[in-house]
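Worksheet: one structure, shown below.
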C-alpha cells in the first residue's frame, strides 16, 4: 500500500479504514517499501475523479481513488473502495438481487447504469451469506439519482 496524502486528517481516515480490516478480517495492509521485488501494491490517490477502485487484484500499481474533498468524510467510503480492491462487488450487483431489491432504471443518471447491472452467478458467489441491505458495499436508495427519486427500492420491509 502506498499512501501519499499531505493532509494528516485524510491520512488518518484512510488508516482508520484499514485498521477496520485488521480488526475484523485476516487482510493486512502494509506500507509499500522501495523494493524491486514488491511490484503489486495499492496506490491511494485523490484525483478529482470520484471514489473508485477496480475489483480484485490487477497486478502492479493498483489505484484506489479517494477524491478530496468528498470521499473522506466518513470511514465508509474508504472501506468500500478498499473492499473493491480486494475483490468485493457491490451488494446490489448480486445475481439474485431481484429477489431483494428493485432497480429503478428510469431514475439512474445516464452513464451510471453499470453500477446497477447484475453479475452472473459465477461472478458473484456470496459464499452462503444472506443479502445484506446494510452492507458497506450496498448503495443508498438514492445513489446516482437523476431526479431525486429512488434508484433502489427494497422488496421486503427492513
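Residue numbers in this text run from 1 along the chain shown.
Every residue gets a Cβ built from N, Cα and C, even glycine.
According to TrEMBL, the feature active site maps to 81. What TrEMBL records for 80, 84, 90 is Zn(2+) binding site. For 1-158, the entry in TrEMBL reads domain 'Peptidase M12A'.
The secondary structure of residue 84 (Zn(2+) binding site), as reduced to three states from DSSP, is helical. Same-chain residues at least 6 positions away in sequence with a Cβ under 8 Å from that of residue 84 (Zn(2+) binding site) are, in sequence order, 52, 53, 54, 55, 64.
Separation of the C-alpha atoms of the residue listed as 'active site' and residue 90 (Zn(2+) binding site): 10 Å, rounded to the nearest whole number. Cβ proximity to the Zn(2+) site centre (mean Cβ of 80, 84, 90, cutoff 8 Å) flags the following additional same-chain residues: 53, 55, 81, 83, 88, 89, 136, 137. The 10 Å shell around the Cβ of residue 90 (Zn(2+) binding site) contains 21 further Cβ atoms across the protein chains shown.
Sequence-distant contacts of residue 80 (Zn(2+) binding site), defined by Cβ-Cβ distance under 8 angstroms and a gap of at least six in the same chain, are 51, 136, 137. A sphere of 10 angstroms centred on the C-beta of the residue listed as 'active site' encloses 23 other C-beta atoms.
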